[in-house]
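Remarks on the structure that follows.
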C-alpha cells in the first residue's frame, strides 16, 4: 500500500504535466489520467489479493526475504590480464558480499579463490552463494545472524514499522558493512562443480536450474522437524520470539518463512544438494541392470561356437575386466 502511494504520485503528477502542454494538453491529459486510474485499479486488486487471503498479507519485508531465494542463471565473471579479458569462475572483489572467518557470501555464478600464505586455492561452494574453506558450513555464525534478523523483524512487526524496516533491508543489500578478512584473487580458475561429477549429480543440478526456488524450499521443508529441535536446544531466542509472535497474531506465512530460513542452515549441509542426490542415487541403483557380458557366436569352418573372450571397450567397462 505504501508503494502504491508512490506510484500514484508519479502517475497523477505525470497526468497533470500532460494537461499543461499547449494545444494537445486536453487529450493527452485525459489519456494520462485514464492510465493513472487504470494503474490505481490494478493496485487495488493487488492490495485485495495480498491483504485478504488468510495468512498471506505480503509486505515489503516479506518480499525482501523472498528476493534472497532467486538465483540469476546468466551470471558470469571475467578476469583482466594485461588488457585481455578472460572468462573465469573466480569471484572478483566486487562479487564478495560478506566474509566470515571460514565462510564467504558472494553473488551467484562464481567461486572464491583465496590467497593464503604463498598459494591460492579455491574454496568449496556449499550453495550458489556461500563458499567455505573445507566444505563444512559454519552453522554457529550463520544462525547467530538469523537470530538477529528474525529478532529485528519481530520487533519491526510489533512496532508496526515493517514496511520501513523492509525498505532498510532492501537498501542494505546494496552496501557491504563488514571489513575484508580474506585476500581474494582470480588466479585459480575454480570449478563450479567440485568433486566427482555423476549423472545423478547433473540431473539434480538440472532440476535446481529449472526451479531453484522450488528446489530450495522443498529441501528446507524436510529439515523443519530437526530445525525445531535445534532452535530449542541451541537457545535461539530471536527465532523463538519471532515464531511465538507471528503465531499469536495469526500470521502463519511469516512463521513458515522463519522456519524455512532457519532450516536452511543445517548442521549437516552437503554440497549442492548432495544429501538428496545421495538418497536418490541409492534408490536408482536398485533398478540398475548391473554388469553384463554380450555372448558372441563365432562361425569357424561352418561350425558355430560361443567366444566369451570377445570383449570390446564398453564390455570391459561393464564387466570390470
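Placement of Cβ uses the backbone N, Cα and C atoms for every residue, glycine included.
As annotated in Swiss-Prot, N-linked glycosylation site applies, among 209, 307, to 307. Among the ranges 180-200, 222-242, 243-263, the stretch that Swiss-Prot annotates as transmembrane segment is 243-263. Checked against Swiss-Prot, the range among 11-31, 32-52, 53-73 recorded as transmembrane segment is 53-73. For the pair residue 118 (N-linked glycosylation site) and residue 93 (N-linked glycosylation site), the C-alpha distance works out to 19 angstrom.
Separating the Cα atoms of residue 301 (N-linked glycosylation site) and residue 189 (N-linked glycosylation site) is a whole-number distance of 60 Å. Applying an 8 A CB threshold to same-chain residues 6+ apart, the list for residue 189 (N-linked glycosylation site) reads 88, 89, 90.
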